[in-house]
Amino acid sequence: MTQQITLIKDKILSDNYFTLHNITYDLTRKDGEVIRHKREVYDRGNGATILLYNAKKKTVVLIRQFRVATWVNGNESGQLIETCAGLLDNDEPEVCIRKEAIEETGYEVGEVRKLFELYMSPGGVTELIHFFIAEYSDNQRANAGGGVEDEDIEVLELPFSQALEMIKTGEIRDGKTVLLLNYLQTSHLMD
């Protein structure tokens, strides 16, 4: 069922790195009542993420990097273990993820498989993330990875079982990473 939405005002509060909007809108409820809402919405663009896995070695490739938002929210070191990811900018999701994989992990991926698209924080963030997986092998390692000039990324090749355990221990706390690791487990690609 489609609800009627009328935009009243869209005020840009910040357009520094991403865009923060203050949006006022009227929402017509199912019973016909019109309710006025005022919300802040953070537009950071859409993104893509990929989990690299090796079924023969039973390993996955993840990265560790500083994430300021986690630091602000109590992660003492600010370090987060996660899947390779990036913003689309003007690229198609598959093009983006191939670029990010080589930059961040050093692996030049072959065939990729798109799984799904998800909003990760739809209450206030516009970002839609495209989720991919790809099998990798040692001979696909083109460089050391580590990201571009302003990034400081550590590449982690981990046993799949250890990565799953790291979810339980709280060492992996990134939503997209947990989703992809759980997908890999339930799909039985590592059996």
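We number each residue from 1, going along the chain as drawn.
Each Cβ is built from the backbone N, Cα and C atoms, and glycine gets one as well.
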Task: Further binder of Mg(2+) 2 named by Swiss-Prot next to Glu100, Glu104, taken from the candidates Glu40, Glu149, Glu151, Glu157 - done: Glu151
Open item on the list: Distance check, please: Cα of Gly86 (GDP-alpha-D-mannose binding site) against Cα of Glu100 (Mg(2+) 2 binding site), rounded to an integer number of angstrom.
Closed with: 6
Open item on the list: Taking only C-alpha atoms and a 10 A limit, tell me which of Ala85, Glu100, Glu151 are near Lys176 (GDP-alpha-D-mannose binding site). These are the binding-site residues.
Closed with: Ala85
TODO: Count the other Cβ atoms sitting within 10 Å of the Cβ of Lys176 (GDP-alpha-D-mannose binding site), across every protein chain shown.
DONE: 19
Open item on the list: Averaged over the domain 'Nudix hydrolase' (43-180), what pLDDT does the predicted model reach?
Closed with: 95
